[in-house]
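Colleague: I'd like to ask some things about the structure below.
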Amino acid sequence: MPLTKQKRLEEFELIRWIQQQAGNGAHLALGIGDDCSIQPQQPDRDLLTSIDLLIEDIHFKREWSNMFDLGRKSAAVNISDIAAMGGTPQSVFLGIGRPKTIDDTEIKEFLSGFLAEIKTYGAVLTGGDSCGSPGPLMISVTVQGEVPTGDAICRQGASYGDAIYVSGSLGDSALALHQLQHGRQPDAYLKQRFHTPTPRVALGQELSKRHLATAMLDVSDGLIADLGHILAASNVGAELNLDAIPLSAAFKRLLDDDSALIDFALAGGEDYELVFTSPLKDLDQHINLPLAVTRIGSISQQPGLHIRQTNGEPYHCRRGGFDHFS
């Protein structure tokens, strides 16, 4: 079926259309539609592959960050996809479209940050490409990793009764971005969370190795949007407890003055924490993990995502998750 010109597809509508047209190769265990594809390797490993494109003034602004941190973030957000499947990062490929406004010192700073970040997780820059750009800086990153056969944590495994957990804290990066967009300087912690996020590789690996999670994603587009992908893929609904959403001390200080900021924790994006489901109801209390996780809700039979306040009243978030084509 040809694409209609009458309606501009949203990002995930386009992904679904591509998925239908491309199909799933016989050599793949999982193709388009998750954080990574899965390709069986001999004798007992699966290859994970993910690609991301970052474009100046859409994903980042150079005036808000130094080139070293931009290099680190460009690597981290891609490695996070491997973490979201419970895998180990291995090979990274980097493509750069370089405008004339970026000099040699700046591009070397970017590359130094990029290489430092992938080295942290034991990955190696294996190849890539570069060219000039007549407009913005463009960065394309492909990352490959591995996981024991059958142990990758996908988005479609959640079941009725599973508990929903999230690592770390939510909303810090989005709140920092909001302040920068309005000409204010975020505090040091919020700024660090925005400029140099930490992919939760060790946590993902532990959840995979111990088979603790039934479905998982990294929170890149916002909790509501990314949890929504799990619900759609698993054909289930969810109930969230608003007061259980984990927040940093820096976030709470600002929330005290403006309660509406809670929406950044629900739908802000770029946290790169892991949201996952598990049949274990007290995993956050009795299971020793590399990073603290918080139970924020449960999988329900009722369709959709429903957020409840302490008094039982529904809460309606006023923000939507990030969509590149909106």
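Even glycines carry a Cβ here, placed using N, Cα and C.
What TrEMBL lists as Mg(2+) 3 binding site is ASP35, ASP81, ASP218. Look at TrEMBL and you will find ASP35, SER50, ASP81 tagged as Mg(2+) 4 binding site. Among the features that TrEMBL reports, Mg(2+) 1 binding site is placed at ASP52, ASP129. Residues annotated as Mg(2+) 2 binding site in TrEMBL: ASP52, ASP81. What TrEMBL records for HIS59, GLU270, PHE322 is substrate binding site. According to TrEMBL, the feature ATP binding site maps to GLY128, ASP129, ARG155, SER220. According to TrEMBL, the feature Mg(2+) 5 binding site maps to ASP221. Look at TrEMBL and you will find 33-147 tagged as domain 'PurM-like N-terminal'. What TrEMBL lists as domain 'PurM-like C-terminal' is 161-250.
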Colleague: How big is the Cα-to-Cα gap, in Å, between ASP52 (Mg(2+) 1 binding site) and GLU270 (substrate binding site)?
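Modeller: That comes out at 14 Å between the alpha carbons.
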Colleague: Whole-number Å only: compute the distance from the Cα of GLU270 (substrate binding site) to the Cα of SER220 (ATP binding site).
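Modeller: If we compare the Cα positions of GLU270 (substrate binding site) and SER220 (ATP binding site), the gap is 4 Å.
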Colleague: If you run the three-state DSSP split on ASP81 (Mg(2+) 3 binding site), which class comes out?
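Modeller: DSSP assigns ASP81 (Mg(2+) 3 binding site) to helix.
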Colleague: May I ask which of the binding-site residues SER50, HIS59, GLY128, SER220, ASP221 is closest to ASP81 (Mg(2+) 3 binding site) if we compare their C-alpha atoms?
Modeller: SER50
Colleague: Compared by Cα position, which of the binding-site residues SER50, ASP129, ARG155 is the closest one to ASP218 (Mg(2+) 3 binding site)?
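Modeller: Ranked by Cα distance from ASP218 (Mg(2+) 3 binding site), first place goes to ARG155.
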Colleague: For the residue listed as 'Mg(2+) 5 binding site', what is the tally of other C-beta atoms lying within 10 angstroms of its C-beta?
Modeller: 23
Colleague: Roughly how many Å separate the Cα of ARG155 (ATP binding site) from that of the residue listed as 'Mg(2+) 5 binding site', to the nearest whole number?
Modeller: 15
Colleague: Mean pLDDT across the domain 'PurM-like N-terminal' (33-147), rounded to an integer, is what?
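Modeller: Averaged over the domain 'PurM-like N-terminal' (33-147), per-residue pLDDT gives 90.
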Colleague: In the domain 'PurM-like N-terminal' (33-147), how many residues does DSSP call helix, how many strand, and how many coil?
Modeller: 38 helix, 48 strand, 29 coil
Colleague: Which has the fewest other CB atoms in a 10 Å radius around its CB: ASP52, ASP129, GLU270, the listed binding-site residues?
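Modeller: Checked ASP52, ASP129, GLU270; of these binding-site residues, fewest Cβ neighbours within 10 Å: ASP129.
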Colleague: Quick one: give me the count of other CB atoms within 10 A of the CB of SER220 (ATP binding site).
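Modeller: Within a 10 Å radius of the Cβ of SER220 (ATP binding site) lie 22 other Cβ atoms.
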Colleague: Determine, using Cα-Cα distances only, which of these binding-site residues is closest to ASP221 (Mg(2+) 5 binding site): SER50, HIS59, GLY128, ASP129.
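Modeller: Given the candidates SER50, HIS59, GLY128, ASP129, the nearest one is HIS59.
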Colleague: Looking only at HIS59, ARG155, which of these binding-site residues has the biggest number of Cβ atoms within 10 Å around its Cβ?
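Modeller: When each Cβ's neighbours within 10 Å are tallied, ARG155 leads.
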